[in-house]
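This report concerns only the one structure given below.
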Amino acid sequence: MPTESASCSTARQAKQKRKSHSLSIRRTNSSEQERTGLPRDMLEGQDSKLPSSVRNTLLELFGQIEREFENLYIENLESSHSTSQLSQKLKTTYKASTSKIVSSFKTTTSRAACQLVKEYIGHRDGIWDVSVARTQPVVLGTASADHTALLWSIETGKCLVKYAGHVGSASGDQTAHIWRYAVQLPTPQPVADTSQISGEDEVECSDKDEPDLDGDVSSDCPTIRVPLTSLKSHQGVVIAADWLVGGKQAVTASWDRTANLYDVETSELVHSLTGHDQELTHCCTHPTQRLVVTSSRDTTFRLWDFRDPSIHSVNVFQGHTDTVTSAVFTVGDNVVSGSDDRTVKVWDLKNMRSPIATIRTDSAINRINVCVGQKIIALPHDNRQVRLFDMSGVRLARLPRSSRQGHRRMVCCSAWSEDHPVCNLFTCGFDRQAIGWNINIPALLQEK
């Protein structure tokens with residue numbers, strides 16, 4: 001009995017010793033066991049003089065060492081990442097600060113080179129489109145959601161003719177009308193100097209602070225109610241129209257996802273241009289060639305070629321991520337597109353894969369226009385601003401806007417009139433007014 005008791009006591013002490021030794025080693029989770037499983041299997045398959053308990057202990061210890069090194073490695077990576085983030089943040093802050101300083105100088109230049117000359121007030125609702133006649137007499141035209149189109153004297157700001165033949169706003173009656181006008185331009189009055197009006201270029205103004213429209217300015221001018229020709233083929237709102245070179249054909253763009261080419265003399269539909277997946281937003285024709293470009297809410301714009309009567313080819317441009325609000329031809333083989341994705345892109349028709357220049361802004365862009373002679377793009381924005389860029393993407397100016405001048409709501413459209421001595425740029429918007437600007441282009445280009 002004493003002998004058995006002694007042997008049991010010795011065995012119990014050895015067992016407790018092994019247990020205390022095993023407790024000093026940290027347990028591993030299942031994933032850690034999986035990671036160490038491969039070395040253990042490899043060691044078990046080898047001839048070793050070590051007892052299995054010792055080998056297992058060594059494997060666990062080496063696993064702990066590996067995990068410690070792994071944790072140190074991860075900490076070093078995170079430290080390196082945070083350092084690069086701090087460096088990038090410093091760079092961004094420095095760039096923003098210097099850009100703000102540069103912008104302050106450009107704002108001063110803009111006030112001197114860009115002056116508001118005339119406000120054309122008379123519409124009862126927002127103005128969607130503005131354009132300048134290409135032939136004499138040179139007049140300003142505006143189209144509004146109040147169901148009317150007005151012609152204006154550029155110099156005096158007087159309404160010359162009202163067209164009231166549509167029954168819906170912006171051709172909401174699904175038709176395009178052609179009408180003739182005869183106007184006698186009034187004697188120009190001296191233009192008031194408005195260059196000193198803007199002392200606070202960025203003063204915010206309420207949407208309700210709009211032009212005084214108590215009296216209908218257009219009520220005194222002649223009114224035309226019957227068109228010469230009505231172009232009917234669309235099944236949705238007609239949102240834009242333009243003349244093909246030669247003046248014998250016209251193209252229209254509609255919310256029914258198509259553009260139509262008409263013979264003006266007979267009012268017959270010549271071609272229906274299909275392919276866009278969503279509503280069209282704009283159409284534009286080339287000034288000297290039988291080319292048409294259409295833009296759409298499907299994020300694309302398309303080039304239609306009618307130079308060969310037997311072949312009507314189409315090319316699709318994909319480069320925007322939101323609605324393409326307009327695309328217009330410029331000099332040479334270039335097209336400029338603007339989008340709700342806040343970018344403007346310049347394209348070469350010979351290489352459609354990627355734009356040759358991209359302008360990134362802080363607001364959605366509406367119907368752009370290009371000063372072809374000087375290669376300057378006018379960008380009307382949703383945020384009431386109008387900015388000028390060159391074709392390479394360099395910002396030239398921002399038109400002055402304050403509580404006493406400029407647009408008070410979204411700017412919808414811009415139009416250049418390069419040769420006009422008084423106003424060479426026009427803009428219109430949802431504040432129911434069109435504005436004529438004098439842009440000193442040589443001064444802008446000199447400061448570039």
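Cβ atoms are placed via backbone N, Cα and C, with glycine included.
What TrEMBL says about this one:
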type	residues	note
COMPBIAS	1-13	compositional bias 'Polar residues'
REGION	1-49	region 'Disordered'
COMPBIAS	22-31	compositional bias 'Polar residues'
COMPBIAS	32-47	compositional bias 'Basic and acidic residues'
REPEAT	120-162	repeat 'WD'
REGION	190-218	region 'Disordered'
COMPBIAS	199-217	compositional bias 'Acidic residues'
REPEAT	231-272	repeat 'WD'
REPEAT	273-314	repeat 'WD'
REPEAT	317-357	repeat 'WD'
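Proximity of distant same-chain residues to the repeat 'WD' (317-357), defined by a Cβ-Cβ separation under 8 Å and at least 6 residues beyond the stretch ends, is recorded for 281-282, 284-287, 291, 293-297, 299-303, 363-370, 372, 375, 377, 379, 389, 391-393. For the repeat 'WD' (273-314), the list of distant contacts is 236, 239-245, 251-261, 320-329, 335, 337, 339, 349, 367, 372: same-chain residues at least six beyond its ends, Cβ to Cβ under 8 Å. Across the repeat 'WD' (120-162), the DSSP tally of helix, strand and coil residues reads 0 helix, 21 strand, 22 coil. Mean pLDDT of the predicted structure over the repeat 'WD' (317-357): 93.
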